[in-house]
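Copied over from TrEMBL:
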- 12-34: transmembrane segment (TRANSMEM)
- 40-64: transmembrane segment (TRANSMEM)
- 119-138: transmembrane segment (TRANSMEM)
- 162-181: transmembrane segment (TRANSMEM)
- 245-263: transmembrane segment (TRANSMEM)
- 275-292: transmembrane segment (TRANSMEM)
- 313-333: transmembrane segment (TRANSMEM)
- 345-366: transmembrane segment (TRANSMEM)
- 373-396: transmembrane segment (TRANSMEM)
- 402-420: transmembrane segment (TRANSMEM)
């Protein structure tokens, strides 16, 4: 039976919708003040996107503050309490949940033969390679190449945020379907906590797409391989994490390899200083945002023990909310849909891009669950190297000898990190075993 709305419910709804309308009007004012010719500049687009995201963040922030200061949950049953509990407080683990968790932990795992493991590993390897290599080729095509319609008209798609939305909506649908149909542990995390890594995830994807307007795809892939540096910095800030000496050596080698590649990339040197600077800033934005995403997700996993699919569902939920709010405010939905109707090939590329992104995420979670993070990192490192090769072949990017040497230094450093990490892990295990025998 539905509870009748009370005064606190109405105040909460009014606060959220009122703030949202104010931000919408602010967006209209800003759009009216910015000249049309500047709308395509990435700095202006970024500003408009951030104002668009505020239509979700600002009402949400004020609503959470209102709920906490008024002790909303203590004022008797109201119609908004279930939603408030879900978004602001989450659910607590019950005794039954603890028993189920303990039982599932003690239940014997199915042991596969070596032949079955080999086949499964092969499926994961080719699934990840096909998904993300196709995704990379289409990503570069959509952001850098022209489309031609049946009448011979030429057009180029420029709205990176719409591509982010298309990718996230399909991933959210798949994750929601899986979580709904399969048995999952009780979800305990407040939903609003997903919004932080969702925002950083959106920003990393947006910077990734925008950077292709200024730097080549191989440069972008190398920058992704170098994200260990901002990940280490962000890990120190977010989790106060300590790193081994070899990890600092790897970070230095990767930085050196990136410098060699950038100075040896003939294509990127052709651009003027402003475009090169824009590309570098966007790549730094990508790496910073992406490193925060992984560290924040790790904190959520440690605090609330949700499954990977629950994480995928929660993050993509807010990604869809944020990007759709911004696209609607800017009127970009209409323009993108018109472009899709005019250029059917673009529509096909968008659909395949989204499918590859969603399927790739599923392969990521399955590979890590079956073979661990080390095997997954090796597969994805090989994928990055193959992506550079594939892009150079298909889109004819020119790389000098020093640039090629820089690529080898970067990937050599990444494999060195994997090797040293495994050696250190085995050394610690043997020391622990020796210590237990002595005692």
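Every residue, even glycine, has its Cβ placed from backbone N, Cα and C.
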Q) Counting only pairs at least 6 apart in sequence, do the transmembrane segment (40-64) and the transmembrane segment (313-333) share 3+ Cβ pairs under 8 Å? A) yes
Q) Would the transmembrane segment (162-181) count as touching the transmembrane segment (373-396), i.e. at least 3 C-beta pairs under 8 angstroms with sequence separation of 6+? A) no
(Q) With Cβ-Cβ distances below 8 Å as the criterion, list the same-chain residues six or more beyond the ends of the transmembrane segment (275-292) that contact it, or say none. (A) 42, 197, 200-201, 203-204, 207-208, 210-211, 213-215, 219-220, 223-224, 226-227, 229-231, 233-235, 238, 268
Q: May I ask which of the stretches 313-333, 345-366, 402-420 has the most CB pairs under 8 A with the transmembrane segment (245-263)?
A: 402-420
Q) So which of 119-138, 313-333, 345-366, 402-420 has the most C-beta pairs under 8 Å when paired with the transmembrane segment (162-181)? A) 313-333
